[in-house]
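Engineer: Straight out of Swiss-Prot:
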SITE      Arg19  site 'Transition state stabilizer'
ACT_SITE  Tyr24  active site, proton acceptor
BINDING   Asn76, His82, Asp89, Leu103, Ser104, Arg113  substrate binding site
ACT_SITE  His102  active site, proton donor
Amino acid sequence: MVAKILVVHGPNLNLLGRREPSIYGHTTLEDINRNLVAKAQAASVVLDTFQSNAEHELIDRVQEAMNDGTGFIIINPAALTHTSIALRDALAATNLPFVEIHLSNIYAREHFRHTSYFSDIAVGVISGLGAAGYELALQFALARQ
């Protein structure tokens, strides 16, 4: 049973709704979080959200998930997708299932965005579906209960 779900948002996602809306959409991070929390509450599941522009803070929060009752992680590593071995190692160390999510289709963008350090250890990857991708990841996590 998934006791708690953690949603982790990487660098620059605090700017959603304002940053390159043609790529990332007009939905704000606050809107995404509010929607996810409401859907989780309706399913009687606790959902925590965390955003940081600092890699070490993301790593610390992922490590905390090992001891705080988290049963599933939804993560949008943002640009760290293509660079952060340390965040990948933190996710692997938790031994918790996670879904990697991207608002844009990373494979239809610049070549350097085509490589993910997370996909091969994720239970699933959602890319290119905008904010709806978060809802789909949550549905998947809730179905694992």
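These residue numbers are counts, starting from 1, taken along the chain as shown.
Glycine is no exception: its Cβ is also placed from the backbone N, Cα and C atoms.
Burial and contacts for the listed features, if you can.
Structural biologist: Taking a C-beta cut-off of under 8 angstroms and a sequence separation of 6 or more, Arg19 (site 'Transition state stabilizer') has the following same-chain neighbours: Asn12. According to DSSP, Arg19 (site 'Transition state stabilizer') sits in a coil region rather than a helix or strand.
According to its DSSP assignment, Leu103 (substrate binding site) is coil. All protein chains shown were included, and the count of other CB atoms within 10 Å of the CB of Leu103 (substrate binding site) stands at 23.
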Engineer: So, in DSSP terms, is Asp89 (substrate binding site) helix, strand, or coil?
Structural biologist: helix
Engineer: If you draw a 10 Å sphere on the Cβ of Asp89 (substrate binding site), how many other Cβ atoms land inside?
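Structural biologist: Taking all protein chains shown, Asp89 (substrate binding site) has 13 Cβ neighbours within 10 Å.
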Engineer: For His82 (substrate binding site), what is the tally of other C-beta atoms lying within 10 angstroms of its C-beta?
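Structural biologist: Here the count is 16.
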